[in-house]
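Q: One structure, pasted below without further comment.
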Amino acid sequence: MDNQQESISEDITGDLAAAVRKSWSESQDNPLLLNFNNSPIGTPTDRYSPEPATMMEGNAMNLSSLARGSTQQQQRLYGSSQTREKSDQQQQDYQLFKHHYSLGQETRESVSDILNDLTLGSPEPSERASPIRQPSVDVPPLTTRRSSIQDVQWIRHLLNPRSSFSGASSNEPTNSPGDFLNQSRAWITILHDSSAESLQAVIVLAESLKNVNSQYNLWVLHSSEVNAFQLAQVGIKTLIIDEYINLFMNFGTGSGFSASSQSTETKGELNFKWCKLFLFFSLIDRFELICYLSPTCLVLQNIDELLESTEVSDEIDNETCVLLSNKVNYINEDLVSVNQDQSSAENYDDDPQIIILKPNRAVAMCIKEYFTIYGNDFEGESKRSMFHQMNDLQIMKALFGDKWSYIDSVGYCAVPIASVPANRLNYKIIEFKILKPWERQNYIAAGQHRESIMNKWLDLWRDFLNQAN
């Protein structure tokens, strides 16, 4: 009896070991086990007839029942030699566990991969939920093991495709570094009044910049008393600077101008007299670098290097250098430079046609402090009187005389004092504040001399009118 039990025990041990080995050697993708309904471990009971006797009674094992059914059970579980040969060609229908993995060349061990590989379902088909499908995301095929941070970013992308973790949308336009420069740098000019002549001059300046294919916009500063509606209609950008003009008009009691002095100054007058000071105030946080151009200038060649040159930008650090400008170059009919200080015929000012600066709060505060008057004593009144006698250029020289640098204006910018042939001029910028081709008597005279430089200005104005009509 003992020998029989030992042989049965050995058979059980060998059979169980063989069963475990077979279950672990089976392929993961067994089509016979995809729709099991009964046993959680995948042994379908409806494919086998019930045993005639109970194999387990309580916690004791019924050895006689096991002995009687051992032969049949072995055939059922493992089959005969012929059955085993057939089983090599088709999948076994019995697996103890189904959570082993076939690790191929593309090994993936992230959390989402393991969950997708596991077959988790409830025993009852009515309670099984439909399989969860991953959203279709256009990604390249996996050839390497994904890291956990990549999985986190992928999940965040699914939750919020527009978040910072999902990258830029393919539908959104891409910006190049040049686009940022175009927005942070600009040409600036100032409209002093609403006269037809002033509007014509600004329009010709804007058209000349377009003709030379400048990559930067022209902005026109003006007060609310100046009507710049016509400029906006033709696509020129404008900016009202009343807030900064009022800063100079209304410093308050004990600081700034007295009430009697304020009444003598209008916004238009301050806009004309101190207009260049507003460059330091009105463009802070709007542009990083600006180039002021006189409103009566005509640009004949591309001058974008004034805004793009690293030498120019690096020179202005708002400490040792606050601004760059040109030195005024007056030329006569013989193309000879005229020194305005030594000219006996007429006194020419030294207002530059080009001013390059970086709007900065510290520089603006320096100008504001310069205008601040503490107390109403004689010294304060003298300072008030001095301010009303100074123009913007004089104030800038008093403040930044030792921090003012100049660009080489030889062959760059000229102010002709007489009509000269256009083909003899080799300058990028021509200033027409003396020739004034917009005045009737001057453009009539220019019509009689087609080679005159004034016809460059008049031709551009006529082209604009033809396009507008």
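Just so it is clear, glycine is given a Cβ too, placed from its N, Cα and C backbone atoms.
Model, not experiment: these values are computed from the prediction.
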Q: Of Thr13, Thr296, which one does Swiss-Prot label phosphothreonine?
A: Thr13
Q: With Swiss-Prot open, pick whichever of Ser122, Ser294 is annotated phosphoserine.
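A: Checking Swiss-Prot against Ser122, Ser294, the phosphoserine entry points to Ser122.
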Q: Candidates are Ser27, Ser81, Ser261, Ser344; I want to know which one Swiss-Prot annotates as phosphoserine.
A: Ser27
Q: Among Ser23, Ser163, Ser195, which is the one flagged in Swiss-Prot as phosphoserine?
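A: Annotation hit in Swiss-Prot: Ser23.
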